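Engineer: Structure in structure tokens, see below.
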Amino acid sequence: MIFMIITIASGKGGVGKTTTSASLAVALAKLGKKVLAIDGDISMANLGILFNMEKKKPSLHEVLSEEADVRDAIYKHKTGVYVLPTSLSLEGYKKSDIDLLPDVVNEVADDFDYVIIDAPAGLNREMATHLAIADKLLLVVTPEMFSIIDAVRLKESAEMAGTPLMGVVLNRVGRDFGEMGRDEIEMLIKGKVLVEVPEDENVRSAALKKMSVIEYRKNSPASQAYMKLASIIAGVPIYIEDEIKIIRKESFIDKIKRLFRMY
């Protein structure tokens, strides 16, 4: 089986990286692909929480401390996604050896079409390992300057590790009238924005229920955006009923212009 390992990363936290990892995994599974989602941020259990698997034992912690076989720590979710979760245990984290991760991933990667690794945010030793494992890097950013600056640094680190940029997910678009535009972001990162994911309250509601947004509201704007992303990555055409709606907040200047047009 030909497989692809995709590390999903962001230069800073809070941009929706884990949401993107879970949603892309579910979307690829809906397209008939066999997908393994790995909770690569071993100090947290965010991906495991979204799949409601943070209490599973053994977990990646036990695998990285050589207390369990990796195949015993992989669980099939109801969406069809296979998940290698991390636990909430601080002791488990302390016992884990991140240097074992490449061998762990390579042991099972050829059982799947796609391996999605939800990497920790920022630039650190763990991130270096995740970049070295990956065939491709998928960056998640929000349309804000600090998010973009951190993403540029992360992309440069990936290039040094020999990991090419697959593209950029521009997340939470339409939240603020002061946000940067797509063209400006592509110019700064020197990478293509594959999809714009609109600000969507369904994402937060889904997370509270420990679900991906695609499970929660399959026709929501964010769900459609993630299905589009999976379609681009897998090369499988899909039909989206409506154009993805991105409602941008009206700036003060736009409001003044609109008022003048009324007279």
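Along the chain as shown, the residues are counted starting at 1.
Note: Cβ is positioned from N, Cα and C throughout, glycine not excepted.
According to Swiss-Prot, the protein has these features:
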BINDING   K12, G13, G14, V15, G16, K17, T18, T19  ATP binding site
Engineer: Helix, strand or coil: which one is T19 (ATP binding site) in, per DSSP?
Structural biologist: helix
Engineer: If you count, for each of the binding-site residues G13, V15, K17, T18, T19, the other Cβ atoms lying within 10 Å of its Cβ, which residue has the minimum?
Structural biologist: G13
Engineer: Beyond K12, G13, G14, V15, G16, K17, T18, T19, what residues of that chain have CB atoms within 8 A of the centre of the ATP site's CB atoms?
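Structural biologist: Apart from the listed residues, the neighbours are S10, T20, A121, V140, N171.
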Engineer: Quick check on the binding-site residues: of G14, G16, whose CB has the lowest count of neighbouring CB atoms inside 10 Å?
Structural biologist: G14
Engineer: What three-state class does DSSP give G14 (ATP binding site)?
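Structural biologist: G14 (ATP binding site) sits in coil per DSSP, no helix or strand.
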Engineer: Can you count the other CB atoms that lie within 10 A of the CB of K12 (ATP binding site)?
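Structural biologist: Taking all protein chains shown, K12 (ATP binding site) has 19 Cβ neighbours within 10 Å.
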